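Comments concern the structure below.
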Amino acid sequence: MSSSSLSTPTWSNHSNRFVTSSSCKGTNCRIAKNSIVSALQTPSIIQIPKQTPIKTVKTIDLPSKSSNSVPNQQNWNVLQKLAAMALDAVEDGLKAREKAHPLPKTADPNIQIAGNFSPVPEQPVRHGLPVTGKIPEHIQGVYLRNGANPLFEPTSGHHLFDGDGMVYAVKFDNGAASYACRFTETQRLVQERAIGKPVFPKAIGELHGHSGIAKLILFYARGMCGLIDHTKGIGVANAGLVYFNNRLLAMSEDDLPYHVRVTPSGDLKTAGRYDFGGQLKSTMIAHPKLDPVSGELFALSYDVIQKPYLKYFRFSADGKKSKDVAIDLGKPTMVHDFAITENFVVVPDHQVVFKMSEMITGGSPVVYDKEKVSRFGVLDKYAENGSGIKWVEVPDCFCFHLWNAWEEPESDEVVVIGSCMTPADSIFNECNEELKSVLSEIRLNLKTGKSTRRQIISPENDVNLEAGMVNKNLLGRKSQFAYLAIAEPWPKVSGFAKVDLSTGETKKFIYGDQKYGGEPLFLPRDASSAEDDGHILAFVHDEKKWESELQIVNAMTMELEATVKLPSRVPYGFHGTFISAKDLATQA
């Protein structure tokens with residue numbers, strides 16, 4: 001372990017051994033005495049930092065209708081204190097009953113946040129980091145990546161996606177590099193830290209079966225008693241990052257975005273929950289699309305309870321929101337991502353749906369609907385309502401992420417590039433089938449209403465590709481290359497692939513022996529250079545030395561040009577972005 005890890009008190013568990021769904025089936029399984037085989041294929045060591053933050057970063061209220069004020073435990077009256085004690089006792093009894101039943105692998109924290117998926121404490125900015133090689137001159141600004149990093153040790157079910165949001169940042173200044181990581185100070189995190197324990201229900205790890213219903217009742221009971229305030233948001237802001245209209249926004253699809261500022265020194269401060277000056281009244285998914293030509297931001301919001309289950313809206317380059325456009329769906333559906341073209345938005349309506357009634361019968365509300373036929377909707381970007389959407393069926397297709405889309409008017413087709421995942425709900429529900437993610441080209445014919453689908457990489461050379469991007473200057477336009485994480489051994493990432501989307505030619509870069517990373521970020525040299533003229537940036541963790549680094553790879557030559565040694569461990573995480581030094585100078 002690094003010295004930073006050793007100096008932080010942790011809760012560790014070195015004894016657990018888990019079996020992967022793909023490596024062991026049936027009842028006659030044997031595990032080698034010294035093997036470590038978890039469902040996440042990672043060493044089963046969980047490290048939960050004790051809650052003594054290195055440095056508290058206070059939130060700054062933005063001029064907005066939302067506020068960061070939270071209920072103050074010290075001001076509770078006698079009745080509130082009694083209510084808190086009673087509700088805590090009920091919760092303790094509920095957790096004791098839960099421990100009598102084994103958790104599914106998709107909700108077991110000993111699996112979901114083991115090894116380098118486990119959290120780290122905040123790291124104040126550290127300058128003058130050791131650099132091997134030379135940082136390319138065009139890399140000036142800050143590289144940021146989001147991730148799930150639970151503040152408290154889970155006391156019951158926990159899914160990887162449930163953790164509190166933490167942003168990791170490397171700032172570049174004329175060949176020098178600094179590093180910092182900070183929690184995004186969501187309303188959820190601020191209130192739980194004030195209370196001293198997790199009280200907000202975890203959307204995936206806890207909300208299933210009768211115990212999930214009971215936890216929802218407890219949560220709202222605490223709200224009715226004034227012990228917490230759930231009206232100002234319950235999200236974790238741990239997934240996407242986008243820099244738009246002079247603001248860095250941290251997002252998860254269960255809340256509004258949060259505005260995070262990069263300080264001149266390279267540190268991070270949460271400015272507050274951001275509603276675009278009172279314009280945004282609903283949640284926003286974590287993958288809004290920034291049009292490189294118009295500067296507009298396009299987004300979706302979904303609802304799991306009431307219609308409309310899906311809404312589409314956009315923001316002008318200066319942050320003015322359009323009216324919501326309701327998109328008619330027959331049932332509430334998980335829409336984690338979507339795509340834009342020059343003239344359209346492309347909306348997936350797939351087979352992973354929300355069925356809250358499943359909780360009554362003891363199941364998860366996130367289910368795979370085998371009776372439903374997957375489809376994509378194509379809607380004009382500037383539509384005033386959803387009546388003009390054209391639906392094209394694409395059977396048995398579930399794309400958790402879409403990498404790009406464009407129009408080919410000569411054939412009346414919209415081309416969508418995405419990774420088709422099977423089993424569709426394997427991320428959320430335990431299953432014995434090995435997960436597969438196939439990079440695919442999906443053609444939607446707007447004239448005939450038919451679709452075709454082809455596997456881009458030949459089957460004998462195929463690998464799981466599940467996180468990445470195209471050149472951001474070509475988003476919504478035809479692109480030749482995609483840079484995607486090699487998600488093997490799933491869900492760890494051993495490297496990335498540069499894929500020619502027309503020929504399927506694939507060039508791989510492997511991070512190193514027992515080194516794993518996350519989503520590759522492609523940073524173009526400039527808007528006018530060749531499509532692949534730029535560099536890949538990726539956080540990488542060495543599981544032998546238990547140290548982390550930032551690797552910088554030339555996207556043309558696929559050769560490592562520089563490595564930045566980081567002062568503390570960086571857990572495997574989600575999506576990132578890059579803010580240029582020029583843009584940093586104009587932050588709001």
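Even glycines carry a Cβ here, placed using N, Cα and C.
What TrEMBL records for 1-15 is compositional bias 'Low complexity'.
Under the heading region 'Disordered', TrEMBL lists 1-23.
What TrEMBL lists as Fe cation binding site is HIS287, HIS336, HIS401, HIS575. Counting every protein chain shown, the Cβ of HIS401 (Fe cation binding site) has 22 other Cβ atoms within 10 Å.
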Exercise. If you count Cβ atoms within 10 Å of each one, which of the binding-site residues HIS287, HIS336, HIS575 comes out on top?
Worked result: HIS575
Exercise. Using the Cβ centroid of HIS287, HIS336, HIS401, HIS575 as the reference point for the Fe cation site, which residues of the same chain not in that list have Cβ within 8 Å?
Worked result: ALA239, GLY240, ILE285, ALA286, ASP337, PHE400
